[in-house]
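Here the structure comes first, spelled out in C-alpha cells, and everything after it is commentary.
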Amino acid sequence: MEDKVQIQDAIKVQGEVVRKLKSEKASKEQIDEEVAKLLELKARLGGDDGKHQFVLKTAKGTRDYNPKQMAIREKVFNTIISCFKRHGAETIDTPVFELKETLTGKYGEDSKLIYDLKDQGGELLSLRYDLTVPFARYLAMNKITNIKRYHIAKVYRRDNPAMTRGRYREFYQCDFDIAGQYDAMIPDAECLKIVYEILHELDLGDFRIKVNDRRILDGMFAVCGVPDDKFRTICSTVDKLDKMSWEDVKKEMVNEKGLSEQAADQIGEYVSMQGGMDLAEHLLQDQKMSQSKQACAGLSDIKLLFSYLQLFQVTDKVVFDLSLARGLDYYTGVIYEAVLTQAGVASVTTEAQNGAPGSTEESVSVGSVAGGGRYDGLVGMFDPKGRKVPCVGVSIGIERIFSIMEQKAEVSAEKVRTTEVQVMVASAQKNLLEERLKLTAELWNAGIKAEVMYKKNPKLLSQLQHCEESGIPLVAILGEQELKDGVVKLRVVATREEVSHTVDIHTAPHLRTI
C-alpha cells in the first residue's frame, strides 16, 4: 500500500513537471520525454483491479517520425547520397545483427553499449553498434581487397538516451569508406573533401574539420611517460576534452587511470596546440616529439595531407588539433571530426551526437556532425591468415544534422511539403467521378504525380483547400461545360490563374511545363 502512495506522489510531481514544460512552451521532444515518464508511473500504479496497464508508447531511446520530419530526412539523405555517388562510391548492405564475437573487442570502453540478443539456439548474436566493423567483416569474408562504398542504415547502442539532445538507442549512420592499397593520404584527403562538400551543401552554418593522427597521439603519450599498457585508456580520457575541462580530464588521468601528474601536465601542453601544416613542421623539430618514430611518421603524413587539401581547396575549414583523440580502438592513422561553430542555432545542444562525438568548442559550438579516420588493421582481425586491407572512412552524424534541419524548418516560414503531387484532379459539379478517375489515370500513365479525392461528389472548395494545405501547385478542374468543349481547366493554386487545355493524353506532358 505504501508503494502505491509513493507512486501516486511521484505521479503528482511528474505531472507538475509536464505542466510546467507546456506552460514554458518547451520543445515537443522534451515534453514527450517527460510525458513518457508520467505514463510509465501510471502504468506501475495499475488499474482499479490492480492489474498492470498497457502503455502505448515507443521503446526507451527510440522515436517515431512524422511525414514532415521524414521529408526533411529524405532531403538530407538525397544530398549525402548524391555526394557519395559523385565521388564514385557503390553501396552495400549487411545484417542488422552479427555474431557477438564479430563485434567483441573492437570498441574499447564503448563495448559495454553493445546490445546482446537472447540465445535463439546455437548462435550468440548482437545488434550492430556501427557500420564499420560489419564492413570489415564483409571485406574479409568475401576476400575483397579494394572498394569504395557507402552504407546508410540503422545501428543500436545501449546508451543512456537523452532524446531532447539527439541521443538515441536506435539511429541512422551514414558511412563512406575507401578500402585498398593506395598511395599515402590521397584517399584520406578525399574523405575530408566529402565532409566539406556535404556540410557546405546542407548549409548548416559555419564549421571546422579537426584532424590528428593516432600515431602522433601514441608518440606523444610515449615521450610524455605514459606506460604502453595505458595508451588506449588515456586516449579515451583525452577524447573527453570536447565535453570536459582540462582540469577534469587531468583529474581522471591521475586519480582514476593512475597516471603521474608530471606525465599528465606534459600531455596538457601538447593537446592545447592547434594549427595547420606549420604546426606539423614545428612538431617535427620538437625536442621530445622528434624522438618518436611513430609521431614523426604521423606528422609527415599530416603535412602531406594538408598539401592535398590545398589542391582540393578545403584548407580554410581544416585545423590540425592535437586534442582530437576519437576513442574507438580500431583507428591506426589519421583521424578527423567535423564540428559546427555557428552560434545562430541557439537551442541545439552541445551534447554529443551518437556515432560522432560532440564538441563544446568554446561557447559557440553546436556539436560534432561527422567523424572518421584510418583503420588499417581491422580487416586483418577477421582474415584467417591475418591479411590486412588498408581502409579509411567517414561517418556523417546524421541524427544531429536532422535535429538542426528540423529546427531550422520550425523557425523559418517555409512550408515543408510531405508529398510530391503535381496536380490535383478536381470536379466543379456532381456525378463526375468516372471522368476524374480517367483523367487521373492519364496523368499517372504519363509519369505525372497526381491525386484525386476519394469521394464521389466532393465540394470544389474542399478540393482547393486540400491543394493549399498540401502544397499541390496545380488543379485540373473538370465541369460539365468543360467536358462538352473537350477541355480541362488548369488552375495555378498560388496565383489562381486559369488556362484551358484539350483533354487528351498529350495534355499530360504539357502540364509539366506549367
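Here the Cβ of each residue, glycine as well, is placed from N, Cα and C on the backbone.
Per TrEMBL, the feature domain 'WHEP-TRS' maps to 3-59.
Feature annotation from TrEMBL assigns domain 'Aminoacyl-transfer RNA synthetases class-II family profile' to 32-426.
Annotated L-histidine binding site per TrEMBL: ASP130, LEU131, THR132, ARG157, GLN173, ASP177, ARG326, TYR330, TYR331, in sequence order.
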Residue with minimal Cβ packing [other Cβ atoms within 10 Å] among the binding-site residues THR132, GLN173: GLN173
CB contacts for ASP130 (L-histidine binding site) [other CB atoms within 10 A, all chains]: 21
Number of Cβ atoms other than its own within 10 Å, given for TYR331 (L-histidine binding site): 25
Greatest inter-residue Cα distance in Å for the L-histidine-binding set ASP130, LEU131, THR132, ARG157, GLN173, ASP177, ARG326, TYR330, TYR331: 22
Tally of DSSP helical, extended and coil residues in the domain 'WHEP-TRS' (3-59): 39 helix, 0 strand, 18 coil
